[in-house]
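K.L.:
Just passing along the structure, written as structure tokens.
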């Protein structure tokens, strides 16, 4: 059988055998999920390289990210890790709900309330029904060095700032809700050409040493926003849980809304609840699509093809 790979992969590091995975989606934000409870992998398994191929929509299974459901290292029963399609590790709110849904489906968890360890800390989960989940997302972070964003020394928050890029100046608010986000409120949606132009320009703007995800938001009635998403390391996605949280928090911080807030993206609607000084709560769908088996896997060993 002839195998064709995207050019960014190093063939000398590939080793082929069967890899079982699940496909889940939360409001159209789709993920390849590896259940490491039932099928553990070698300690030197290269998840970053696996994400590059598994998430590729032409050469792999196709997804917005690779997730793992795995045993935790301390008192929390579960741990989640997430990699973007470019192989960078990150945190993801929709991914968190999908991992929780799979843990419930696989009967790894038997009570509807439990905790999951993530890159951004421990998160509380509540299964409201089989495919509808509420997650505590922690408190938003406004400290520039923790977002991170480079600002003049006179500013201690990145709220309602100006970002000049591509011949235009955007008013934006940057914060972290477990992952870095920049929210831009607009009077009307960007044209397709402008979205494709400014999404990557803003993601890679010099203000953001670790890049940033961009949420273009337009008000759609009281306490409701429609958004279009450009995620760092992924490009356009149909939904973003941490991004929806960022939109809701930014809207309240700059006086555009009061919670609870609904955030509608191209993949569906998420509900965000937040009061200042408290954790954010994110509620939305998380649905199992299919379970499958691939004939490739990545390891750090230089196995012969």
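Using N, Cα and C of the backbone, Cβ positions are placed for all residues, glycine too.
Remember, TrEMBL labels are computer predictions, not curated facts.
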K.L.:
Given that TrEMBL annotates 84, 93, 94, 231, 232, 241, 242 as substrate-binding, name the residue from 29, 156, 275 that shares the site.
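P.N.:
The record-listed residue among the candidates is 29.
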K.L.:
Using a 10 Å radius around its CB, how many other CB atoms surround residue 94 (substrate binding site)?
P.N.:
37
K.L.:
Let me know the most crowded of the binding-site residues, choosing from 29, 84 and counting other Cβ atoms within 10 Å.
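P.N.:
The residue with the densest Cβ neighbourhood is 29.
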K.L.:
Could you measure the widest C-alpha to C-alpha distance across 29, 84, 93, 94, 231, 232, 241, 242, the residues recorded as binding substrate, and give it to a whole number of angstrom?
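P.N.:
The two farthest binding residues have Cα atoms 15 Å apart.
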K.L.:
Around the substrate site formed by 29, 84, 93, 94, 231, 232, 241, 242, list the extra residues of the same chain whose Cβ is within 8 Å of the site's Cβ centroid.
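P.N.:
Near the substrate site, the remaining chain residues are 64, 65, 90, 91, 92, 95, 179, 213, 234, 237, 239, 240, 243.
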K.L.:
Looking only at C-alpha atoms, tell me how far residue 242 (substrate binding site) is from residue 92 (active site, proton donor), rounded to the nearest Å.
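P.N.:
A Cα-Cα distance of 6 Å.
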K.L.:
Among the recorded positions 29, 92, 93, 94, 231, 232, which ones place their C-alpha within 10 angstroms of the C-alpha of residue 240 (active site, proton acceptor)?
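P.N.:
So the list reads 29, 92, 93, 94, 231.
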K.L.:
Residue 240 (active site, proton acceptor) has how many other Cβ neighbours within 10 Å of its own Cβ?
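P.N.:
By my count, 33.
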